[in-house]
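Comments concern the structure below.
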Amino acid sequence: MQTDEPTGTATSAIRIPPLISLRTTLMVAGLLGNVVAVAAYGLFSRTERYGAVGNPDPGSFIGVAEPVGYFGASLSSALCLGALIYFVMMVWPQADGLIDAQAFRIHLAEERVSIGWLAFALTMVVVQAANDSGVTPAELRTGAALFNAITTSETSRAWIVVTICALLVTLTLRVIIRYSDHFVLLIPAVIGVIATAVTGNAGQGPDHDYATSAVIVFALAIAALSGLKITAALTEVTPSRAVLIVQVVCGVLALAYGAELVYLLSPGAAMIDSDFGRLGLVAGVLVTLVCFSDCWALVMGRPHSDHRTRLTALAMMAVTAATAAMSVQTAPRFLTHRFTAWDVFLGYELPQPPNIVRFFTVWRFDSLIGATAIVLGIGYVAGFVRVRRAGNTWPVGRLVAWLTGCVALVFTSSSGVRTYGSAMFSVHMAEHMTLNMFIPVLLVLGGPVTLALRALSAAGDGQQPGPREWLTWLMHSSVTAFLSHPVTNFILFVGSPYIVYFTPLFDTLVRYHWGHEFMAIHFLLVGYIFYWAIIGIDPGPRRLPYLARIGLLFAVMPFHAFFGIALMTMTSAISAEFYRSVNLPWLASIDADQHIGGAIAWSATELPVIIVIVALMAQWARQDHRVAVREDRHADSTYADDDLNAYNAMLRELSRMRR
């Protein structure tokens, strides 16, 4: 493919097999075998599944359709996500940003898979509503009956989210041919994969905060690994080393977080005595074998043979079937547990009010955000050491800023701040302001992209693009240009709190742990993008003049103050029904607690603004110093040139006079 970037991309070596081939036949046979197995399980376990929890039996059709539909939707979403990841990692755009003919064939395969995902997801909206209501599809023929069944089923509403994501992916793939658009499509693909996972067993009952964070990582790891394996089996492609590393990482994450989920949802003897536990063990064994195979190929530096590629793809297909069968039954832990309001809304108990000591001692580690912060800190240190060993310099102050931000992120997401913030509006607002106003400043001052570009090696001639090339493309892509535009920055940073807290959206988000995770990630990213435009040292598509950056900073601050004042002056509490349901015995008034939250939002902007102004002034002074030094050097060079020209002119004049 002709491009300004490194040549020798994977698309030139990709061979799309004929429609009917040996490997296609084997994959279809494996698919049909898994469908039959899942359908048989749904049929023969129907009485036990519904009887164990006392739910009405919706009939044989729904009893079989639910696990089969879940398997079909899970497999197609995994294949769609895996194909997108493969496309992003193995394909490189041409100079004009378009994809070539070979890559377009992969694009067409993604489009066809997304249509199947959409069909399964749409079907599951009705099937799940009928299953949770205990009625047959015929009883949902009227619009009112179907609407009522969907609104009372949390999982059915999750399938609506999946349907929207699948529709967005399908329609977009239908009209795009640019590489960057495939990168953006990873967002709805990821949301579609985790939407039903967070509303299932992991999102219910005691310790559901632990389980929800774990299932997000687990669902993404299993989907990505399954999709990459099946994509490799169907396209006859030899995965690059980078893809193999991603597969190993996904396998390790799936094993670690899957073990946590089995421990939380099927503890003790239930791990062996229940179908849920046994299916989990089978899936764990298969993932272990696949992960070991990938590790061996990575260490030996040899790609999988065609035979092993097919076997690992079939194994991950069976893992998807096992997890689908687990998802349609109630976890053993909940069958004998008596639920309390704290189990439903928090997942843990808060018998005592918060204080400084409990903020530092009451920990519930967030295995999603907290673990990510630890990985980011370790990765930064590794990059710092590599740059130093190469004989280059990197300011220690940036290292300190980044690590401080990572530590603050772990503390905010996993300490008593998050534990009490899920139940109290005032503490939640302190968490929000820290994630949105303070931590992003520290992370931006660390300059992680610049460090990564110095630490990562560039791909050589004839090699596939690597992480350094992907990062360079991302920082100068149209997506980054749009997000970093001052108008976009202003709207996101100012509008986010008003949209989240002054609309019914907060009523939904505050009830679920996935909602708290969403808010934390959203406010952290919005804050990072905003402060990157003001004090960021990393490369990007545009940079405002320093005076304009100061103007942008002071332009947004009054809106945050107005937001805090609005919270303090409201006559009714936000999400009062939720906070009354939690019913903290030591909280005297939820209205007074919201007033405190508003005061925190009003006053919490001062310290970050001071830090940003100091950093901005320092950057401005250094920039002026560099300009002055450059001008002085140029002036010295100019004077030297003038003297030389005058001397040469004198010599020419003397020569003329002699003649």
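Every residue, even glycine, has its Cβ placed from backbone N, Cα and C.
Residues 17-18, 60, 63-68, 71-72, 75, 230, 233-234, 275, 310, 313-314, 317-318, 320-321, 324-325, 328 of the same chain lie 6 or more positions beyond the ends of the transmembrane segment (24-44) yet place their CB under 8 Å from a CB of it. The annotation transmembrane segment is assigned in Swiss-Prot to 24-44 (among others).
Remote same-chain residues near the transmembrane segment (71-91) are listed as 9-11, 14, 31, 34-35, 38, 99, 103, 106-107, 109-110, 113-114, 116-117, 120-121, 124, 159, 162, 166, 169, 179, 182-183, 185-186, 189-190, 192-193, 196, 220, 222-232, 237, 239-240, 242-243, 246, 317, 320-321, 323-325, 327, 464, 470 (criterion: CB distance under 8 Å, separation of at least six residues from the stretch ends). The transmembrane segment feature in Swiss-Prot is assigned to 71-91 (among others); the stated evidence is sequence analysis.
Annotation source Swiss-Prot lists transmembrane segment at 115-135 (among others).
The annotation transmembrane segment is assigned in Swiss-Prot to 157-177 (among others).
The transmembrane segment annotation in Swiss-Prot covers 183-203 (among others), and the record cites sequence analysis as its basis. Tertiary neighbourhood of the transmembrane segment (183-203): same-chain residues 70, 73, 77-78, 80-81, 84-85, 88, 117, 121, 154-155, 157-159, 161-162, 164-166, 168-169, 172-173, 211-212, 214-216, 218-220, 223, 261, 264-265, 326-327, 330-331, 334, 474, 477, 479, 512-514, selected by CB-CB distance under 8 Å and a gap of 6+ residues from either end.
Away from its own ends, the transmembrane segment (214-234) comes close to residues 17, 23-24, 27, 74-75, 77-83, 85-86, 109, 190, 193-194, 197-198, 200, 202-203, 243, 246-247, 249-251, 253-254, 257-258, 260-261, 264, 287, 290, 304, 309-310, 312-313, 315-317, 319-320, 323, 367-368, 371, 514, 517 of its chain (Cβ-Cβ under 8 Å, at least six residues beyond either end). What Swiss-Prot lists as transmembrane segment is 214-234 (among others).
Per Swiss-Prot, the feature transmembrane segment maps to 242-262 (among others). For the transmembrane segment (242-262), the list of distant contacts is 85-86, 89-90, 202, 210-211, 214-215, 217-218, 221-222, 224-225, 228-229, 271, 277, 280-281, 283-284, 287-288, 290-291, 294-295, 297-298, 303, 367, 464, 466-467: same-chain residues at least six beyond its ends, Cβ to Cβ under 8 Å.
Look at Swiss-Prot and you will find 279-299 (among others) tagged as transmembrane segment, backed by sequence analysis.
For the transmembrane segment (365-385), the residues of the chain that approach it from at least six positions outside its boundaries are 209-210, 213-214, 216-217, 257, 260, 394, 399, 402-403, 406-407, 409-410, 413-414, 418, 446, 448, 451-452, 454-455, 517, 520-521, judged by C-beta separation under 8 angstroms. Feature annotation from Swiss-Prot assigns transmembrane segment to 365-385 (among others); the stated evidence is sequence analysis.
Among the features that Swiss-Prot reports, transmembrane segment is placed at 433-453 (among others). Counting only same-chain residues 6+ beyond the ends of the transmembrane segment (433-453), those with a CB under 8 A from a CB of the stretch are 376, 380, 383-384, 387, 394, 397-399, 401-402, 404-406, 408-409, 412, 417, 467-468, 471-472, 475, 496-497, 520, 523-524, 526-528, 530-532, 535-539, 560, 600-601, 604-605, 607-608, 611-612, 615.
Look at Swiss-Prot and you will find 550-570 (among others) tagged as transmembrane segment.
The feature transmembrane segment is assigned by Swiss-Prot to 596-616 (among others), with sequence analysis given as support.
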